[in-house]
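A.B. asks: The feature transmembrane segment is assigned by TrEMBL to 12-32, 67-88, 126-148, 160-180, 333-357, 369-393, 399-419. Annotation source TrEMBL lists domain 'Major facilitator superfamily (MFS) profile' at 19-423.
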Amino acid sequence: MSNPKGAQKGSSLTLILMVPSAAIGGTLQYGYNLAIMNAPTTFIQNFVNETFQDRWQLQLENYQVTFIWTIIVSIFSLGGLIGALIAGPMTIRFGRKKCLLLNNIFLMSSALFAVTSRAAKSFEMIIISRVLVGINAGISMNVQPMYFGESAPKHLRGAVSLSSAVFTAFGVVLGQVVGLREVLGSEPYWEYLLASNAIPGFIQLLTLPWFPESPRYLLIDRKDKEACLNALKRLRGCEDQGSELEEILEEEAQSRGMKPRQPWELFTDRAVRFQLLIIIVVSSAMQLCGNDSIYFYASYVFKESGMSADKIQYITIGTGSCEFTACIMCMPYLSMACIFTYILSFGMGPAGVTGVLPTEIFNQSARPAAYMIAGSMMWINLFIVGMLFPFLVSELKEYLFVPFAAVCLLSAVYIGMFLPETKGKSLSAITAEFHKLNFKGLAPMPSPQCQAKYQLGQVCRSTAL
(Lines of atoms letter the chains of each structure in order from A and count residues from 1; the text may use other names and numbers.)
(Lines give C-alpha, C1' and ligand atoms only; values in the text may rest on other atoms or scores of the structure.)
Protein backbone atom coordinates (compact mmCIF):
# COMPACT_ATOMS: atom_id res chain seq x y z
CA MET A 1 0.00 0.00 0.00
CA SER A 2 1.30 3.47 -0.86
CA ASN A 3 2.07 5.91 1.91
CA PRO A 4 1.67 9.47 0.60
CA LYS A 5 2.06 11.00 4.06
CA GLY A 6 5.35 9.19 4.51
CA ALA A 7 6.48 10.28 1.06
CA GLN A 8 5.50 13.86 1.86
CA LYS A 9 7.42 13.73 5.14
CA GLY A 10 10.49 12.35 3.33
CA SER A 11 10.33 15.05 0.69
CA SER A 12 10.05 17.78 3.34
CA LEU A 13 13.06 16.30 5.08
CA THR A 14 15.02 16.48 1.81
CA LEU A 15 14.28 20.19 1.51
CA ILE A 16 15.09 20.80 5.18
CA LEU A 17 18.45 19.03 4.90
CA MET A 18 19.28 20.70 1.59
CA VAL A 19 19.14 24.16 3.18
CA PRO A 20 22.04 23.76 5.68
CA SER A 21 24.05 21.72 3.19
CA ALA A 22 23.99 24.55 0.65
CA ALA A 23 24.24 27.37 3.20
CA ILE A 24 27.16 26.05 5.25
CA GLY A 25 29.45 26.52 2.27
CA GLY A 26 27.39 29.44 0.96
CA THR A 27 26.12 32.50 2.79
CA LEU A 28 27.58 31.24 6.07
CA GLN A 29 30.96 31.93 4.49
CA TYR A 30 30.03 35.57 3.91
CA GLY A 31 29.21 36.17 7.57
CA TYR A 32 32.13 34.05 8.79
CA ASN A 33 34.70 35.88 6.69
CA LEU A 34 33.30 39.25 7.74
CA ALA A 35 33.76 38.34 11.39
CA ILE A 36 37.10 36.53 11.57
CA MET A 37 39.07 39.58 10.45
CA ASN A 38 38.25 41.50 13.61
CA ALA A 39 40.10 39.34 16.17
CA PRO A 40 43.57 39.22 14.52
CA THR A 41 43.65 42.94 13.69
CA THR A 42 46.66 43.75 15.89
CA PHE A 43 48.51 40.55 14.99
CA ILE A 44 48.23 41.07 11.24
CA GLN A 45 49.15 44.75 11.56
CA ASN A 46 52.29 43.71 13.46
CA PHE A 47 52.97 41.09 10.78
CA VAL A 48 52.74 43.77 8.07
CA ASN A 49 55.16 45.99 9.98
CA GLU A 50 57.60 43.13 10.56
CA THR A 51 57.48 42.22 6.87
CA PHE A 52 58.45 45.74 5.86
CA GLN A 53 61.28 45.73 8.39
CA ASP A 54 62.64 42.39 7.18
CA ARG A 55 62.48 43.33 3.50
CA TRP A 56 63.37 46.99 3.39
CA GLN A 57 64.32 47.92 6.97
CA LEU A 58 61.39 50.33 7.08
CA GLN A 59 59.33 51.19 10.14
CA LEU A 60 55.80 52.07 9.00
CA GLU A 61 53.84 54.90 10.53
CA ASN A 62 50.54 54.07 12.20
CA TYR A 63 48.48 55.57 9.38
CA GLN A 64 50.42 53.49 6.83
CA VAL A 65 49.74 50.27 8.74
CA THR A 66 46.07 51.26 9.07
CA PHE A 67 45.87 51.91 5.33
CA ILE A 68 47.33 48.49 4.46
CA TRP A 69 45.02 46.87 6.99
CA THR A 70 42.06 48.63 5.43
CA ILE A 71 43.06 47.24 2.04
CA ILE A 72 43.34 43.71 3.46
CA VAL A 73 39.87 44.00 4.96
CA SER A 74 38.11 45.81 2.10
CA ILE A 75 39.67 43.84 -0.77
CA PHE A 76 37.20 41.14 0.27
CA SER A 77 34.51 43.36 -1.27
CA LEU A 78 36.27 43.62 -4.63
CA GLY A 79 36.57 39.84 -4.69
CA GLY A 80 32.86 39.70 -3.95
CA LEU A 81 32.19 42.00 -6.90
CA ILE A 82 34.11 39.65 -9.19
CA GLY A 83 32.14 36.71 -7.79
CA ALA A 84 28.84 38.49 -8.36
CA LEU A 85 29.76 39.18 -11.99
CA ILE A 86 30.74 35.59 -12.80
CA ALA A 87 27.93 33.98 -10.80
CA GLY A 88 25.34 34.57 -13.54
CA PRO A 89 27.25 32.85 -16.37
CA MET A 90 28.26 30.03 -14.03
CA THR A 91 24.67 29.29 -12.99
CA ILE A 92 23.56 29.25 -16.62
CA ARG A 93 26.32 26.88 -17.70
CA PHE A 94 26.66 24.58 -14.69
CA GLY A 95 23.37 24.93 -12.82
CA ARG A 96 22.71 26.18 -9.32
CA LYS A 97 23.92 23.19 -7.31
CA LYS A 98 27.04 22.46 -9.34
CA CYS A 99 27.94 26.16 -9.26
CA LEU A 100 27.93 26.06 -5.44
CA LEU A 101 30.16 22.99 -5.50
CA LEU A 102 32.64 24.48 -7.98
CA ASN A 103 32.70 27.65 -5.89
CA ASN A 104 34.70 25.78 -3.26
CA ILE A 105 37.74 25.93 -5.56
CA PHE A 106 38.08 29.62 -4.67
CA LEU A 107 37.51 28.86 -0.98
CA MET A 108 40.15 26.14 -0.73
CA SER A 109 42.67 28.22 -2.67
CA SER A 110 42.01 31.10 -0.28
CA ALA A 111 42.61 28.89 2.76
CA LEU A 112 45.88 27.64 1.27
CA PHE A 113 47.19 31.18 0.73
CA ALA A 114 46.13 32.22 4.23
CA VAL A 115 47.65 29.31 6.12
CA THR A 116 51.03 29.63 4.33
CA SER A 117 51.28 33.44 4.40
CA ARG A 118 53.12 33.59 7.72
CA ALA A 119 55.72 31.01 6.77
CA ALA A 120 56.25 32.79 3.46
CA LYS A 121 56.52 36.17 5.27
CA SER A 122 54.11 37.68 2.75
CA PHE A 123 51.19 39.88 3.71
CA GLU A 124 50.41 40.00 -0.03
CA MET A 125 49.30 36.35 0.26
CA ILE A 126 46.70 37.46 2.81
CA ILE A 127 45.41 40.02 0.31
CA ILE A 128 45.21 37.32 -2.39
CA SER A 129 43.44 35.05 0.09
CA ARG A 130 40.89 37.77 0.84
CA VAL A 131 40.23 38.34 -2.87
CA LEU A 132 39.65 34.61 -3.43
CA VAL A 133 37.35 34.18 -0.44
CA GLY A 134 35.53 37.33 -1.59
CA ILE A 135 34.93 35.68 -4.98
CA ASN A 136 33.58 32.65 -3.14
CA ALA A 137 31.24 34.83 -1.07
CA GLY A 138 30.14 36.85 -4.12
CA ILE A 139 29.12 33.71 -5.97
CA SER A 140 27.37 32.10 -3.01
CA MET A 141 25.45 35.28 -2.10
CA ASN A 142 23.93 35.22 -5.60
CA VAL A 143 23.56 31.51 -6.30
CA GLN A 144 22.31 30.21 -2.97
CA PRO A 145 19.18 32.42 -2.73
CA MET A 146 18.48 31.61 -6.39
CA TYR A 147 18.83 27.87 -5.68
CA PHE A 148 16.56 28.09 -2.65
CA GLY A 149 13.98 30.32 -4.33
CA GLU A 150 13.70 27.99 -7.33
CA SER A 151 13.61 24.79 -5.25
CA ALA A 152 11.11 25.72 -2.54
CA PRO A 153 7.31 25.68 -3.03
CA LYS A 154 5.75 29.14 -3.18
CA HIS A 155 4.25 28.97 0.33
CA LEU A 156 7.73 28.23 1.74
CA ARG A 157 9.79 30.30 -0.70
CA GLY A 158 10.17 33.27 1.63
CA ALA A 159 11.02 31.15 4.67
CA VAL A 160 13.56 28.99 2.84
CA SER A 161 15.18 31.99 1.17
CA LEU A 162 15.27 33.81 4.51
CA SER A 163 17.48 30.99 5.78
CA SER A 164 20.29 32.51 3.71
CA ALA A 165 20.27 35.50 6.07
CA VAL A 166 19.99 33.20 9.09
CA PHE A 167 23.14 31.35 8.07
CA THR A 168 24.91 34.63 7.32
CA ALA A 169 24.18 35.77 10.88
CA PHE A 170 25.22 32.36 12.23
CA GLY A 171 28.46 32.67 10.27
CA VAL A 172 29.12 36.02 11.93
CA VAL A 173 28.61 34.59 15.42
CA LEU A 174 30.66 31.49 14.60
CA GLY A 175 33.50 33.61 13.26
CA GLN A 176 33.46 35.77 16.37
CA VAL A 177 33.51 32.73 18.66
CA VAL A 178 36.33 31.02 16.73
CA GLY A 179 38.17 34.35 16.84
CA LEU A 180 38.27 34.41 20.65
CA ARG A 181 41.79 34.28 22.05
CA GLU A 182 40.87 31.02 23.81
CA VAL A 183 40.21 29.39 20.41
CA LEU A 184 42.14 30.66 17.35
CA GLY A 185 42.25 34.38 18.07
CA SER A 186 45.66 34.43 19.75
CA GLU A 187 48.93 35.51 18.14
CA PRO A 188 50.33 32.01 17.38
CA TYR A 189 47.21 30.86 15.51
CA TRP A 190 45.91 33.79 13.46
CA GLU A 191 46.84 32.20 10.10
CA TYR A 192 44.84 29.10 11.06
CA LEU A 193 41.92 31.35 11.94
CA LEU A 194 41.99 32.85 8.44
CA ALA A 195 42.14 29.36 6.90
CA SER A 196 39.44 27.84 9.12
CA ASN A 197 36.77 28.75 6.53
CA ALA A 198 37.82 25.63 4.61
CA ILE A 199 36.05 23.38 7.14
CA PRO A 200 32.47 24.43 6.22
CA GLY A 201 33.50 24.11 2.56
CA PHE A 202 34.55 20.48 3.09
CA ILE A 203 31.21 19.75 4.77
CA GLN A 204 29.36 21.15 1.76
CA LEU A 205 31.46 19.11 -0.68
CA LEU A 206 30.55 15.95 1.23
CA THR A 207 26.80 16.61 1.55
CA LEU A 208 25.45 18.80 -1.27
CA PRO A 209 25.97 16.26 -4.11
CA TRP A 210 23.23 14.12 -2.54
CA PHE A 211 20.54 16.75 -3.12
CA PRO A 212 18.65 17.60 -6.35
CA GLU A 213 19.23 20.49 -8.72
CA SER A 214 16.71 23.33 -9.01
CA PRO A 215 13.59 21.96 -10.77
CA ARG A 216 13.10 25.28 -12.61
CA TYR A 217 16.63 25.18 -13.97
CA LEU A 218 16.22 21.58 -15.12
CA LEU A 219 12.96 22.19 -17.01
CA ILE A 220 13.29 25.79 -18.26
CA ASP A 221 17.02 26.00 -18.95
CA ARG A 222 17.97 22.37 -19.57
CA LYS A 223 14.63 21.24 -21.07
CA ASP A 224 14.98 18.03 -19.07
CA LYS A 225 11.44 17.07 -18.09
CA GLU A 226 12.38 13.75 -16.50
CA ALA A 227 15.08 15.29 -14.29
CA CYS A 228 12.65 18.02 -13.25
CA LEU A 229 10.04 15.46 -12.27
CA ASN A 230 12.59 13.48 -10.25
CA ALA A 231 13.74 16.65 -8.47
CA LEU A 232 10.15 17.64 -7.67
CA LYS A 233 9.40 14.15 -6.38
CA ARG A 234 12.33 14.37 -3.97
CA LEU A 235 11.54 17.92 -2.87
CA ARG A 236 7.71 17.86 -2.81
CA GLY A 237 6.37 14.33 -2.83
CA CYS A 238 3.73 12.94 -5.19
CA GLU A 239 0.88 15.07 -3.87
CA ASP A 240 2.40 18.43 -4.83
CA GLN A 241 4.02 17.74 -8.19
CA GLY A 242 1.01 18.65 -10.33
CA SER A 243 0.48 22.21 -9.14
CA GLU A 244 4.19 22.88 -9.01
CA LEU A 245 4.70 21.62 -12.57
CA GLU A 246 1.86 23.79 -13.77
CA GLU A 247 3.50 26.89 -12.31
CA ILE A 248 6.92 26.01 -13.74
CA LEU A 249 5.46 25.31 -17.17
CA GLU A 250 3.57 28.59 -17.04
CA GLU A 251 6.84 30.41 -16.44
CA GLU A 252 8.51 28.31 -19.14
CA ALA A 253 5.78 29.27 -21.60
CA GLN A 254 6.29 32.97 -20.87
CA SER A 255 10.05 32.73 -21.35
CA ARG A 256 10.00 30.31 -24.30
CA GLY A 257 12.35 31.39 -27.04
CA MET A 258 14.15 33.84 -24.74
CA LYS A 259 17.88 33.46 -24.30
CA PRO A 260 19.51 34.17 -20.92
CA ARG A 261 19.67 37.93 -20.55
CA GLN A 262 22.82 39.98 -20.10
CA PRO A 263 22.92 42.61 -17.32
CA TRP A 264 23.14 45.55 -19.72
CA GLU A 265 20.05 44.31 -21.56
CA LEU A 266 17.94 44.79 -18.45
CA PHE A 267 18.72 48.51 -18.35
CA THR A 268 17.08 49.03 -21.75
CA ASP A 269 14.04 46.79 -21.14
CA ARG A 270 10.96 48.68 -20.00
CA ALA A 271 9.33 45.44 -18.88
CA VAL A 272 11.75 45.16 -15.93
CA ARG A 273 12.25 48.85 -15.17
CA PHE A 274 10.70 48.88 -11.69
CA GLN A 275 12.13 45.48 -10.79
CA LEU A 276 15.61 46.72 -11.67
CA LEU A 277 15.27 49.96 -9.73
CA ILE A 278 14.03 48.05 -6.68
CA ILE A 279 16.92 45.60 -6.54
CA ILE A 280 19.44 48.42 -7.10
CA VAL A 281 17.95 50.45 -4.24
CA VAL A 282 17.57 47.49 -1.87
CA SER A 283 21.01 45.99 -2.59
CA SER A 284 22.73 49.36 -2.23
CA ALA A 285 20.86 50.24 0.95
CA MET A 286 21.83 46.87 2.44
CA GLN A 287 25.44 48.05 2.57
CA LEU A 288 25.00 51.83 2.75
CA CYS A 289 23.17 51.32 6.05
CA GLY A 290 26.61 50.48 7.48
CA ASN A 291 25.64 47.24 9.23
CA ASP A 292 28.21 44.88 7.71
CA SER A 293 31.03 47.38 8.18
CA ILE A 294 30.53 47.03 11.93
CA TYR A 295 31.76 43.45 11.65
CA PHE A 296 34.87 44.64 9.82
CA TYR A 297 35.68 47.35 12.35
CA ALA A 298 33.90 46.39 15.58
CA SER A 299 37.08 46.99 17.57
CA TYR A 300 37.30 50.57 16.34
CA VAL A 301 33.62 51.25 17.11
CA PHE A 302 33.67 49.89 20.66
CA LYS A 303 37.05 51.45 21.40
CA GLU A 304 35.64 54.85 20.45
CA SER A 305 32.57 54.22 22.61
CA GLY A 306 34.80 53.77 25.68
CA MET A 307 34.91 50.00 26.14
CA SER A 308 38.11 48.57 27.61
CA ALA A 309 40.36 46.69 25.20
CA ASP A 310 40.23 43.39 27.12
CA LYS A 311 36.43 43.24 26.84
CA ILE A 312 36.05 44.15 23.17
CA GLN A 313 36.52 40.67 21.70
CA TYR A 314 33.72 39.33 23.88
CA ILE A 315 31.42 42.27 23.21
CA THR A 316 31.80 41.83 19.45
CA ILE A 317 30.07 38.47 19.79
CA GLY A 318 27.02 40.49 20.79
CA THR A 319 27.00 42.25 17.43
CA GLY A 320 26.26 38.90 15.84
CA SER A 321 23.99 37.32 18.43
CA CYS A 322 22.32 40.49 19.77
CA GLU A 323 21.88 38.78 23.11
CA PHE A 324 22.69 40.87 26.15
CA THR A 325 21.36 40.84 29.69
CA ALA A 326 23.39 43.47 31.49
CA CYS A 327 21.57 46.58 32.60
CA ILE A 328 22.29 49.85 30.80
CA MET A 329 24.31 51.67 33.41
CA CYS A 330 26.44 54.27 31.60
CA MET A 331 27.20 55.73 28.17
CA PRO A 332 29.50 52.96 26.81
CA TYR A 333 26.83 50.34 27.51
CA LEU A 334 24.12 52.54 26.00
CA SER A 335 26.21 52.72 22.84
CA MET A 336 26.62 48.94 22.88
CA ALA A 337 22.86 48.44 23.30
CA CYS A 338 22.03 50.79 20.43
CA ILE A 339 24.41 48.97 18.09
CA PHE A 340 22.93 45.59 19.08
CA THR A 341 19.40 46.87 18.40
CA TYR A 342 20.52 48.32 15.07
CA ILE A 343 22.00 45.00 13.93
CA LEU A 344 18.93 43.07 15.13
CA SER A 345 16.62 45.25 13.03
CA PHE A 346 18.91 44.77 10.05
CA GLY A 347 18.67 40.98 10.36
CA MET A 348 14.87 41.13 10.53
CA GLY A 349 14.63 43.37 7.46
CA PRO A 350 17.05 43.89 4.55
CA ALA A 351 19.37 40.99 5.36
CA GLY A 352 16.51 38.51 4.99
CA VAL A 353 14.62 40.07 2.10
CA THR A 354 17.33 41.28 -0.26
CA GLY A 355 18.60 37.85 -1.28
CA VAL A 356 15.22 36.47 -2.36
CA LEU A 357 13.92 39.53 -4.24
CA PRO A 358 15.52 38.84 -7.66
CA THR A 359 14.12 35.30 -7.57
CA GLU A 360 10.58 36.55 -6.98
CA ILE A 361 10.43 39.58 -9.29
CA PHE A 362 12.43 38.39 -12.35
CA ASN A 363 11.67 35.51 -14.70
CA GLN A 364 14.07 32.65 -15.42
CA SER A 365 15.81 34.26 -18.40
CA ALA A 366 16.51 37.52 -16.53
CA ARG A 367 17.16 36.10 -13.05
CA PRO A 368 20.94 35.41 -13.34
CA ALA A 369 21.54 38.88 -14.83
CA ALA A 370 19.43 40.46 -12.09
CA TYR A 371 21.49 38.74 -9.42
CA MET A 372 24.67 39.97 -11.12
CA ILE A 373 23.42 43.57 -10.92
CA ALA A 374 22.14 43.22 -7.34
CA GLY A 375 25.34 41.54 -6.20
CA SER A 376 27.52 44.13 -7.93
CA MET A 377 25.70 46.99 -6.21
CA MET A 378 25.99 45.25 -2.86
CA TRP A 379 29.73 44.61 -3.13
CA ILE A 380 30.61 48.02 -4.61
CA ASN A 381 28.83 49.77 -1.76
CA LEU A 382 30.34 47.44 0.83
CA PHE A 383 33.80 48.35 -0.50
CA ILE A 384 33.04 52.08 -0.38
CA VAL A 385 31.65 51.97 3.15
CA GLY A 386 34.41 49.60 4.28
CA MET A 387 37.10 52.02 3.10
CA LEU A 388 35.41 55.05 4.66
CA PHE A 389 34.18 53.51 7.92
CA PRO A 390 37.34 53.92 10.06
CA PHE A 391 37.55 57.58 9.10
CA LEU A 392 33.83 58.09 9.81
CA VAL A 393 34.33 56.56 13.26
CA SER A 394 37.14 59.01 13.97
CA GLU A 395 35.38 62.09 12.61
CA LEU A 396 31.71 61.60 13.50
CA LYS A 397 32.14 59.66 16.77
CA GLU A 398 28.68 59.41 18.43
CA TYR A 399 27.03 60.73 15.25
CA LEU A 400 28.49 57.88 13.19
CA PHE A 401 25.14 56.34 12.28
CA VAL A 402 23.27 59.52 11.37
CA PRO A 403 24.06 59.28 7.62
CA PHE A 404 23.27 55.57 7.70
CA ALA A 405 19.91 56.32 9.33
CA ALA A 406 19.09 58.69 6.46
CA VAL A 407 19.81 55.91 3.96
CA CYS A 408 17.52 53.53 5.85
CA LEU A 409 14.69 56.06 5.94
CA LEU A 410 14.87 56.94 2.24
CA SER A 411 15.13 53.32 1.11
CA ALA A 412 12.18 52.32 3.34
CA VAL A 413 10.02 55.06 1.77
CA TYR A 414 10.96 53.94 -1.75
CA ILE A 415 10.28 50.26 -1.05
CA GLY A 416 6.95 51.08 0.59
CA MET A 417 5.86 53.01 -2.49
CA PHE A 418 6.98 50.71 -5.31
CA LEU A 419 7.49 47.11 -4.13
CA PRO A 420 4.32 44.96 -4.36
CA GLU A 421 3.72 42.26 -1.78
CA THR A 422 5.05 38.89 -3.02
CA LYS A 423 4.07 36.57 -0.17
CA GLY A 424 2.27 33.42 -1.32
CA LYS A 425 2.07 34.49 -4.97
CA SER A 426 3.28 32.58 -7.99
CA LEU A 427 6.13 34.06 -10.00
CA SER A 428 3.76 34.65 -12.92
CA ALA A 429 1.35 36.61 -10.71
CA ILE A 430 4.19 38.78 -9.42
CA THR A 431 5.35 39.40 -12.99
CA ALA A 432 1.82 40.50 -13.92
CA GLU A 433 1.78 43.04 -11.08
CA PHE A 434 5.04 44.56 -12.23
CA HIS A 435 3.70 44.62 -15.78
CA LYS A 436 1.00 47.02 -14.57
CA LEU A 437 3.66 49.28 -13.06
CA ASN A 438 6.01 49.18 -16.03
CA PHE A 439 3.28 49.65 -18.65
CA LYS A 440 0.83 51.80 -16.74
CA GLY A 441 -2.18 52.70 -18.88
CA LEU A 442 -1.31 50.20 -21.63
CA ALA A 443 -2.70 46.78 -22.52
CA PRO A 444 -2.67 44.09 -19.80
CA MET A 445 -0.09 41.33 -19.89
CA PRO A 446 -1.13 38.48 -22.21
CA SER A 447 -1.80 35.16 -20.53
CA PRO A 448 0.54 32.28 -21.35
CA GLN A 449 -0.52 30.08 -24.23
CA CYS A 450 0.35 26.90 -22.45
CA GLN A 451 -1.33 24.91 -19.68
CA ALA A 452 0.26 21.99 -17.88
CA LYS A 453 -1.42 18.91 -16.46
CA TYR A 454 0.18 16.23 -14.37
CA GLN A 455 -0.95 12.69 -15.06
CA LEU A 456 0.85 9.59 -13.81
CA GLY A 457 4.25 11.27 -13.82
CA GLN A 458 3.86 12.71 -17.33
CA VAL A 459 3.46 16.29 -18.51
CA CYS A 460 0.69 16.92 -21.07
CA ARG A 461 0.44 20.28 -22.81
CA SER A 462 -2.68 21.66 -24.46
CA THR A 463 -3.03 24.89 -26.39
CA ALA A 464 -5.35 27.40 -24.78
CA LEU A 465 -8.48 28.07 -26.83
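Here the Cβ of each residue, glycine as well, is placed from N, Cα and C on the backbone.
In the displayed structure, how are the listed features positioned relative to their neighbours?
C.D. replies: For the transmembrane segment (126-148), the residues of the chain that approach it from at least six positions outside its boundaries are 19, 22-23, 25-27, 29-30, 33, 44, 71-73, 75-88, 90-91, 96-97, 99-100, 103-104, 106-107, 109-111, 113-114, 117, 157, 160-161, 163-164, 194, 197, 214, 355-356, 358-359, 367-368, 371-372, 374-375, 378-379, judged by C-beta separation under 8 angstroms.
For the transmembrane segment (369-393), the residues of the chain that approach it from at least six positions outside its boundaries are 66, 70, 73-74, 76-78, 80-81, 83-85, 87-88, 91, 134, 138, 141-143, 145-146, 260-263, 265-266, 272, 275-276, 279-280, 282-284, 286-288, 290, 292-293, 296-297, 300-301, 304, 354, 357-358, 361-362, 400, 403, judged by C-beta separation under 8 angstroms.
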A.B. asks: Near the transmembrane segment (67-88), which same-chain residues lie under 8 Å Cβ to Cβ, leaving out any that are not at least 6 residues past its ends?
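C.D. replies: Non-local partners: 33-34, 37, 41, 44-45, 48, 60, 99, 106, 123, 126-127, 130-143, 260, 263, 296-297, 368-369, 371-372, 374-376, 378-380, 382-383, 386-387, 390.
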A.B. asks: Please indicate, using numbers and ranges, the residues of the same chain that are 6 or more beyond the transmembrane segment (12-32) and have a C-beta under 8 Å from a C-beta there.
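C.D. replies: Residues packing against the transmembrane segment (12-32) from afar: 97, 100, 103-104, 107, 133, 136-137, 140-141, 143-145, 147-148, 151-152, 156, 160, 163-175, 197, 200-201, 203-205, 207-208, 210-212, 234-235, 237, 295, 320, 355.
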